[in-house]
Amino acid sequence: MTATPARRTSLASPATKPVAGGLALAFLATLAGGALLALALEAGGGGFDAAANFDTYLWRVARFTIWQAVASSLLSVLFAIPIARALYAEARFPGRGLILRLFAQPLALPALVAVLGVTSIYGRNGLIAHISDMLGHPMQPDIYGIAGILIAHIFFNMPLAVRLLLAAYESIPDDHWKLAAQLGMGSRARFRLIDWPVIRRSLPGMIGLVFMLCVTSFTTVLTLGGGPRATTLEVAIYQSLHFDFDPARAVALTFTQLALTLLILLILRLTGRPSEEGFTQTATPRRYGSPRKTERLFNIIVIALGFLYVALPIAGVVVSGLTADLVRLLSERIVWHAIATSLALGFSAALLAVFLSLALVAAREATRNARIANIFDTGASLILVMPPIVIGAGWFILLRHFTDPFVMAPLMVVTVNAAMAMPFAVRLLRPAWDTAASRHNKLCSQLGIKGFNRLRLIDWPSIRRPCGMAFAFAMALSLGDLGTIALFGSDALVTLPYLLLQRMGSYRTFDAAGLALILGVLCLALMMIADRAAASRKEAFLQ
C-alpha cells in the first residue's frame, strides 16, 4: 500500500511545524508574560502603596519622555523632507548610492558608539568647539541634556525618515513628472501638487515610528541626559533598580512605560505604517526635465548638509578611536574577555532568533487557518510592545525571589536579545520561505520528499542567504545591546558595551573611544555581511 505524501513538508512534517511555531510563540509569551506577572505580583503583594509611587517625580519623567520624543520626531522628519526631495530630484548626483548606504549606518551602529561620535563633534572638546577657537570665537557647547538628546536622536532617525520618504516617492507615477515638465511647473508648484500629497500620506506612520524609537531610547538618554531633569521612563527604571534598588518605584515606572508604548502602537495601527521599501532603495528614479540652476544649487547644499550631519559623527568615532592607545587597550585581558563574551552572547542570541523565526515562518506557511496564520505572522512583532529594559526589570524582580539575578545574567541577555531580533529576522526570512514553498511544495509532495531530506536538498539552498542575513543582523543588534546588560551586568559578566559604559563613567575617554571603534567595526562588519548577502540574493534572483 502506497503511503500518501504530505501536502506540505519543509522543515519537518506538517504536524510538527505548527507545534514548532507554537513553541516559538510560547517562548515569547513566557518572556513577556513572566515579566508582567512579576511586576503585577510585586505591585499587589509587595507591601507598598502602589498609588504613592505615581507621584510628581513619575509624571515629570513621563512628561519629559513624551516631550523629547515629540521634539525628536518632528525635527527628524522636518529635516528629512528637503533631503529626501533633493536626493530624489538629483537622480544622477555623484555618490548618491554611497549617501544612501551611509544613511543606513546609524541604525547599524550601537547607540553608545554613536553617542561618542556625537560628542566628538558637538561636545566641549569636539570639532565645532575647536573650529570656533581657531576662528577667534571660543565656545563651549553643552552636549548634555535635551540638546544632546535631540542631536543624537536626529542623527539616528533623520536618515531613516529620508529612506522611508524615498520609498514613498517611488510610488509617484512617471506620468506626473512628465506632465509637470510639459507644463513647465516650478519647484513650489511641483511640491504642492506632486510631492506634498505623497509626503502627507506617509507622515502619520513615519512620525509614529520615529516617536516610538525615541520613547524607547535608553542608551542615548542614559549617556547624554546629564541629570534628573533629562530622564526618561526607561532610564528611571534602570536607576531605580541598579542604584536605589527600589522595586516599588520600578513597578510604577514600568507600568507607565508599558501603557505609553501600547498607546503609541495603537496610534500607529490606526494611522498606518510607512513603506519599508526605503530600507533597500537604491534604484535611480525616472524624472522628466531637469531642475533649474538655483534649485539644483539648493539641492546640492541640502544633500551636503545631510551628508555631513551623518558622516561627521561616524568619522569622529574613527578618528577618536585611532587616537586611543589601541595597542595597550588590546593587551588588556578584560578587553579580550569582553570581546569574547559579547561574541558568545551575540552568537547564541542570533542562533536562537533565527531558529525561532524559522519555526514561526514555517508554521505560518503550513497553517491553512487564516486566523492562526495571522497569529504566527504577527506574534514576533508583539514583543516590541515591551522594551528590553521593561522585560529585564520584570525578570530581575522575579528572579531575586528565587536566586541571585546576576547568576542568570547570560541566559537573560541571550533570550531578551533573541526576542528583540525576531521581528526583523521574520521579516527577512518570510519572503524567501514563502517563495520556496510556492515553488516546491507540489513537486515535493508528488515525489514524497519530506523531513530532513527536503530541508537539506530543497529548502536550505533557498533560505541559506536569508538565514545568513538574519543571523548577521541579529548578532549585530545583540553586540550593541546595553538595555539588558545594564541591569544584569557585573564583574562576572562584562560585554563590550558594558565595559565601554564603565570606562565612560570613570572618565577614561581615550579608552572609551578605542572600545567604541572596536565595537563599531564589529557591528558594521556584520551589517556589511548581511547587506552583501542581500545583494547576492538579489543578483541570483535576477539571474
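Note that Cβ sites are derived from N, Cα and C of the backbone, with glycine treated the same way.
Noted in Swiss-Prot for the protein shown:
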- 19-39: transmembrane segment (TRANSMEM)
- 62-266: domain 'ABC transmembrane type-1 1' (DOMAIN)
- 64-84: transmembrane segment (TRANSMEM)
- 102-122: transmembrane segment (TRANSMEM)
- 142-162: transmembrane segment (TRANSMEM)
- 205-225: transmembrane segment (TRANSMEM)
- 250-270: transmembrane segment (TRANSMEM)
- 300-320: transmembrane segment (TRANSMEM)
- 339-530: domain 'ABC transmembrane type-1 2' (DOMAIN)
- 343-363: transmembrane segment (TRANSMEM)
- 379-399: transmembrane segment (TRANSMEM)
- 406-426: transmembrane segment (TRANSMEM)
- 468-488: transmembrane segment (TRANSMEM)
- 510-530: transmembrane segment (TRANSMEM)
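With pairs at least 6 apart in sequence, the transmembrane segment (250-270) and the transmembrane segment (406-426) have fewer than 3 Cβ pairs within the 8 Å limit; the two do not touch. Contact between the transmembrane segment (142-162) and the transmembrane segment (300-320) holds: at least three of their C-beta pairs are under 8 Å, each pair 6 or more apart in sequence. Taking every listed stretch (19-39, 300-320, 510-530) in turn, the largest tally of C-beta pairs under 8 A with the transmembrane segment (343-363) is reached by 19-39. Here the transmembrane segment (300-320) does not lie next to the transmembrane segment (468-488) in space: the count of CB pairs under 8 Å, restricted to residues six or more apart, is fewer than 3.
Within its own chain, the transmembrane segment (468-488) has Cβ neighbours under 8 Å at 108-113, 218-219, 222, 234, 238, 241-242, 342-343, 345-347, 349-351, 353-354, 357, 387-389, 391-393, 396, 405-406, 408-409, 412-414, 416-418, 420-421, 424-425, 428-429, 495-498, 501, 519, 522-523, 526-527, 529-530, 533-534, 537, counting only residues six or more beyond its boundaries. Among residues of the same chain six or more beyond the transmembrane segment (510-530), those with a C-beta under 8 A of the stretch's C-beta atoms are 104-105, 108-110, 112-113, 116-117, 120, 317-318, 320-326, 329, 335, 339, 342-343, 468-470, 472-473, 475-476, 479-480, 496-497, 499-500, 503-504. With a threshold of 8 Å between CB atoms, the same-chain residues lying at least 6 positions outside the transmembrane segment (379-399) that come near it are 24-25, 28, 31-32, 34-39, 41-42, 216, 218, 234, 237-238, 241, 247, 250-251, 254, 257-258, 261-262, 265, 357, 360, 405, 408, 412, 416-417, 419-420, 422-423, 425-426, 481, 483-484, 486-488.
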